[in-house]
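Data block below; observations after.
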Amino acid sequence: MKGLFSAAALSLAVGQASAHYIFQQLSINGNQFPVYQYIRKNTNYNSPVTDLTSDDLRCNVGAQGAGTDTVTVKAGDQFTFTLDTPVYHQGPISIYMSKAPGAASDYDGSGGWFKIKDWGPTFNADGTATWDMAGSYTYNIPTCIPDGDYLLRIQSLAIHNPWPAGIPQFYISCAQITVTGGGNGNPGPTALIPGAFKDTDPGYTVNIYTNFHNYTVPGPEVFSCNGGGSNPPPPVSSSTPATTTLVTSTRTTSSTSSASTPASTGGCTVAKWGQCGGNGYTGCTTCAAGSTCSKQNDYYSQCL
């Protein structure tokens, strides 16, 4: 019995590890720093945030400035966010910044956020779309923003389980930075988080498996020091489809005792590997035939 329990626990751990991820390491100009030295450490392991009204959408569950160092960077410096494992779920990657009124370590992110970068889908000539599902993401601090302390936020919006049967997942981390050598730009437009994302946004509700021909990343327009303007959605390729690298993982499952399945909501079902429960979760709770809603932690239950 003990052996069976251990095997079941290992199976769940493998399933969770292969499906979830966290941005945990920051690099500046190629210099990689220790895990969580400059990134606020969350308390929900690598689980996502799904509640659009939660303050956890800012920097993740339990992520605090206290105990996190703040790194000094120059405007224009290159930065990289590295994950514990490559992004596993389809969806856009976005980077935001919010200027702290004082020290970044004391800032709760309740002010305005402006977006500096989106990675959206590439639509190929064969009618498919590919996403940049990488193990790290690199961009540059805008050269024109004012000096001072900022929160630098990266977000993966996973839309692999189409709404409303499924619910999109936000994988988030915030780094604390002090910008020097900047300018007198006025970054914007800005949006509050929570509030920047709505369950009516086409980029939130889209079904990426059916008639998926265009996409707009949720959130405000991307800020540019060259007078603003967003990065437009990638156009449909008229020639050779884009080349992508497929990240594969092996999932192992076995029969196991699972958490009680919550009451069904409206007769909808969640596909295998999708989220079916957890603190703050308001989506569908009934798993598709052949899978069972299993509690991974207080924040996430998954159809296995």
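The backbone N, Cα and C atoms fix where each Cβ goes, glycine too.
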- Note on the structure: Candidates Cys174, Cys225; Swiss-Prot says the disulfide mate of Cys59 is Cys174
- Return the residue out of Tyr137, Tyr139, Tyr150, Tyr171 that Swiss-Prot annotates for the same Cu(2+) site as His20, His89. Tyr171
- Using Cβ-Cβ distances, find the residues under 8 Å from His89 (Cu(2+) binding site) that belong to the same chain and are at least 6 apart in sequence, listing them in sequence order. Ala19, Met133, Ser156, Ala158, Ile159, His160, Gln169
- Task: Could you say whether, by DSSP, Cys225 (disulfide bond) belongs to a helix, a strand or a coil region?
- Result: coil
- Query: Excluding His20, His89, Tyr171, which residues of the same chain place their Cβ within 8 Å of the centroid of the Cβ atoms of the recorded Cu(2+) site?
  - Reply: Ala19, Tyr21, Asn46, Pro48, Val87, Tyr88, Ser156, Ala158, Gln169
- Query: For His20 (Cu(2+) binding site), what is the tally of other C-beta atoms lying within 10 angstroms of its C-beta?
  - Reply: 22
- Counting across all protein chains shown, how many other Cβ atoms sit within 10 Å of the Cβ of Cys174 (disulfide bond)? 28
